[in-house]
Ligand SMILES: Nc1ncnc2c1ncn2[C@@H]1O[C@H](COP(=O)(O)OP(=O)(O)OP(=O)(O)O)[C@@H](O)[C@H]1O
């Protein structure tokens, strides 16, 4: 608000001159833009210990060093232990070695962490550098400039013997510095030598070969009852013997990739279309395109194996290999126009000013989807008009500020729609105040919407730090200022996700699942996945991390919840036996028999709630209340955030919540207890409410493409671990019963059931795609409807009715 000033005016006797300063616009202090993620430091594996090849090298190198420098070592030991060395002789070295190995075994985790921290996981490279140094010194000695130490290195022989030693040292350094290349060279040499003597033969995949071929999960509906479908029989290893180890990583397993007829169904929108048109040449794609895609995928996965299959740091303690970071795509971030944001900041100030609200934009946080403008509320000034005479005797009016109060935050919040109009933005969310700052945050959608790849978040220091102490670390997305937001599922300890259709729930679930898959082996984490929609999570079928194949039947799902509640009780008893209070304490005491974390993922809670409201609510609440300590965590998503699905009890037990775009304020309140989610933009734009925060935080969720998750599934499926006994078999899950005792078959009958029946009778066709076209409904619903119609017609046939039409899915 400007205040007129008249320098010439003289104050009258009655008035006191007040020097009123015009409101000065402060410059925008901070402009944060989303920065490129910090360069990724290679993540250490679980033990960080190195391969057998590396260990063998170390032992040989140490032994050679000791034998070579026997005299000084002996002198040193004698000096160190005086009489002791004389008594024990060289045995003392063995004792020291034994102590070191014992410490390494008992303090495995600590040693691994230390090794990772100090980059000692690359000890062989350090050693290699040392050997190279010695070689250099030896070379100097050959030229007469190496001193007595140099002469010792070449054995005081400046002829062929000395040269031989130097060359030997250089070769040893080469092997230590790049063991993989050395190993490949040795193998290549071996192959070249043996090639002339080899008899060419066909190499069919034999039973028990290093890698198994897995049929595409979606093509196995008939195998729903089986655990980990595989085409080869897994041989149990005899008790007391070593379980089969994963294959040598240098061999790129061709059989891990399913052949070109395999198309794991894409998830998300693509998935639905894909599944819907499964019978119609796989989603209208040209066969060549499809082949190209599969070949690409195969190529990428092969490249990943070639590059990282032998990385020692990827080898986990239990023999599995963790996926390398390169398995995820790297998407460069969009740079946001700073000038554009400055201009919008001015527009916000002007728009506020035009409604009589003083405010200055003092901070701009540019994020991937929205830019947050931090507005410092100005003053509500009380102005008094003073009439006075100038020196010519004319009456002039002067305004004087007589008092001021801060602009109320509510006055800015109530202008959301007006600001949206002024900025020509679709929706504006106002965060008043920004937690921890005395500013009001105005979130304006960017003109260019960016997406956040999971890799960019996983490579940040925040995630890398969390990962070292939290096995269930998940990458959630990036905040309004482009900062990475990560969370620990174990601390959440259960997560409720809601949002309207197409808002990004399934992508978020995938990001959580893939995040866990990137850092945990099947013996550390098991999943139970419930997917009533049948297309979203089924691509994970056949993965070794699954405690049971993906459950798609609602009645089985309720049975699985009951099993999980039983498992929780069993775990509590097991823990009580060893006096452990939680899973971490138990696993520390348990030694080899560790308890895996169990993560239950439900893609559509509404379907379950509709099937057995009381049962499901009771079971979920019981699990949510008690399961954290025994390592069971729930991740539940729904597209119906209404009070009959997200009941008060469920809400109370799921303290961590994520809301994607919803259609109304009521829905937003139901999920978050506050408004705001109705203003979200969809496509991964979310409000994240962690347990310890009073207000939700706006993020752009991580995007995981179908290709990325497929690659991960291939990676895990391709390994040949020790055979795993199924924890939970689908056929063992009891079907849930309705309150009346009858098996639940009628509840899910669709409102379009009668229309679909009529269509089937008239046209003689029952297929999901047909119903989808005719009834203008989505694929999941059409597929369910087709099943119902088919069942009903089969029942009629049993009672002497018309024949069931041929299925043309
Ligand atoms: N984090 C994200 N970044 C970029 N795009 C996203 C993100 N999340 C979702 N999308 C886009 O939105 C589409 C729909 O997402 P998704 O399938 O997860 O929605 P949904 O909420 O699960 O829908 P439905 O309930 O119908 O299954 C995706 O295909 C993708 O194109």
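In case you wondered, yes, glycine gets a Cβ from its N, Cα and C as well.
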According to TrEMBL, which of these ranges is transmembrane segment: 166-186, 187-207?
-> 166-186
If TrEMBL is the reference, give me the range from 29-48, 49-68, 209-228 marked as transmembrane segment.
-> 49-68
Counting only residues 6+ apart in the same chain, whose Cβ is under 8 Å from the Cβ of residue 500 (ATP binding site)?
-> 639, 660, 661, 662, 663, 667, 682
So which one is it: of the binding-site residues 501, 503, 506, which has the fewest other Cβ atoms within 10 Å?
-> 501
Within 10 Å of each Cβ, count the other Cβ atoms, then let me know which of the binding-site residues 499, 505 comes out lowest.
-> 505
Among the binding-site residues listed here, 502, 504, which has the most company in the form of other Cβ atoms within 10 Å of its Cβ?
-> 504
Using DSSP with the three-state reduction, classify residue 506 (ATP binding site) as helix, strand or coil.
-> helix
